[in-house]
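Student: According to Swiss-Prot, the protein carries these features:
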- A:R83, A:K84, A:H89, A:D109, A:D110, A:V111, A:A112, A:T113, A:T114, A:G115, A:G116, A:S117: 5-phospho-alpha-D-ribose 1-diphosphate binding site (BINDING)
- A:T113, A:R141: orotate binding site (BINDING)
There are 2 protein chains.
Amino acid sequence: MLKEDLINSGAIKFGDFVLTSGKRSGYYIDIKSAYTDPKILDEIGLEISGMVKSGKIAGMELGSVPILVSVSIKTKRPFVIIRKDDLKHGTRKRYIGSINLNEEIDIIDDVATTGGSIMKAAEIIRNNGGIVKRAICVVDREEGAAEMLKENNIELYSIIKASELR
Amino acid sequence: MLKEDLINSGAIKFGDFVLTSGKRSGYYIDIKSAYTDPKILDEIGLEISGMVKSGKIAGMELGSVPILVSVSIKTKRPFVIIRKDDLKHGTRKRYIGSINLNEEIDIIDDVATTGGSIMKAAEIIRNNGGIVKRAICVVDREEGAAEMLKENNIELYSIIKASELR
């Protein structure tokens with residue numbers, strides 16, 4: 001259902017694409033343009049909401065924030081926004097919201113590629129006393145994220161896997 | 001109603017504060033921490049939604065985004081996120097979402113001080129063919145934003161004015 005809507009909305013395009021990494025790809029994903037339509041965001045939020053287990057959710061600035069807020073509203077769970085590294089504001093708190101000691105938090109993201117962004121968010125949550133066991137993304141590109149996160153005790157869940165798009 | 005909730009949630013604190021500008025203030029506003037609670041975000045979203053007139057809404061990265069998404073979900077209007085200036089990614093599109101020619105867009109923000117952030121968003125929307133006549137914020141600090149925006153043909157609306165907090 002959501003997969004077809006993402007294709008119809010232009011969020012997933014098929015063709016011959018050169019990614020910023022230089023790799024070629026048979027599909028191109030642009031969740032960020034699609035989710036500015038509240039109908040699409042609602043569907044994404046609904047599917048992600050069904051996979052949330054912890055009492056709080058977190059996401060990395062900026063791409064995951066609309067999904068995070070949609071899931072927060074649907075599940076009535078508070079959210080944490082992890083800020084990107086920003087040398088200009090070195091002393092600034094690295095997140096918006098609260099992280100309590102030994103509180104379990106699920107991480108939400110739009111697209112998982114290598115898992116670097118999710119891992120960064122997990123490190124900041126863990127360094128501030130929180131517990132991370134699960135991450136949920138819309139699209140898993142299957143380029144190593146699940147394996148890398150598993151080594152770091154995080155289970156990755158997704159709505160759509162790249163292998164389903166080929 | 002919302003004003004009391006913002007005070008109770010700690011979003012608005014009274015006391016003797018030194019702001020980053022060096023000025024002293026009898027109150028301190030931290031909407032960002034408060035709105036990570038979905039109950040507070042829901043109330044903010046509800047009040048802002050009642051003031052939206054255009055068919056699309058926009059906000060500046062990052063602070064306004066949760067409010068923007070809440071209003072988008074409530075009013076079923078698509079949203080545009082204006083990115084902060086980022087020299088590292090000079091060629092990147094300055095916004096997420098779409099701006100159509102002669103399309104009217106309302107700007108949403110958490111706090112208006114001098115109005116600089118709202119004006120920046122308005123310039124980017126106008127440079128991309130959109131029309132901006134209205135901006136809506138949660139708190140208007142009444143430090144010149146309304147006057148400056150009016151000179152630029154933007155009417156500023158707010159839920160709470162600083163003078164109501166003194």
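Placed from the backbone N, Cα and C atoms, the Cβ positions cover glycine too.
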Student: Got a sec? Which of these binding-site residues, A:T113, A:T114, has the most Cβ atoms within 10 Å?
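Tutor: Going through A:T113, A:T114 one by one, the largest Cβ count within 10 Å is at A:T113.
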Student: What whole-number Å value do you get for the CA-CA distance of A:T114 (5-phospho-alpha-D-ribose 1-diphosphate binding site) and A:R141 (orotate binding site)?
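Tutor: Counting only the Cα atoms, the answer is 8 Å.
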Student: Report, in whole Å, the straight Cα-to-Cα distance of A:R141 (orotate binding site) from A:D110 (5-phospho-alpha-D-ribose 1-diphosphate binding site).
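Tutor: So the alpha carbons of A:D110 (5-phospho-alpha-D-ribose 1-diphosphate binding site) and A:R141 (orotate binding site) sit roughly 11 Å from each other.
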Student: Whole-number Å only: compute the distance from the Cα of A:T113 (orotate binding site) to the Cα of A:R83 (5-phospho-alpha-D-ribose 1-diphosphate binding site).
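Tutor: Cα of A:T113 (orotate binding site) to Cα of A:R83 (5-phospho-alpha-D-ribose 1-diphosphate binding site) measures 19 Å after rounding.
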Student: Can you tell which of A:R83, A:R141 has the least company, meaning the fewest other C-beta atoms within 10 angstroms of its C-beta, among these binding-site residues?
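Tutor: Relative to the other binding-site residues in A:R83, A:R141, A:R83 has the fewest Cβ atoms within 10 Å.
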Student: Tally every other Cβ atom lying within 10 Å of the Cβ atom of A:G116 (5-phospho-alpha-D-ribose 1-diphosphate binding site).
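Tutor: 13, counting other Cβ atoms within 10 Å of A:G116 (5-phospho-alpha-D-ribose 1-diphosphate binding site).
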Student: Rounded to the nearest angstrom, how far is the Cα of A:R141 (orotate binding site) from the Cα of A:R83 (5-phospho-alpha-D-ribose 1-diphosphate binding site)?
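Tutor: Answer for this pair: 23 Å between alpha carbons.
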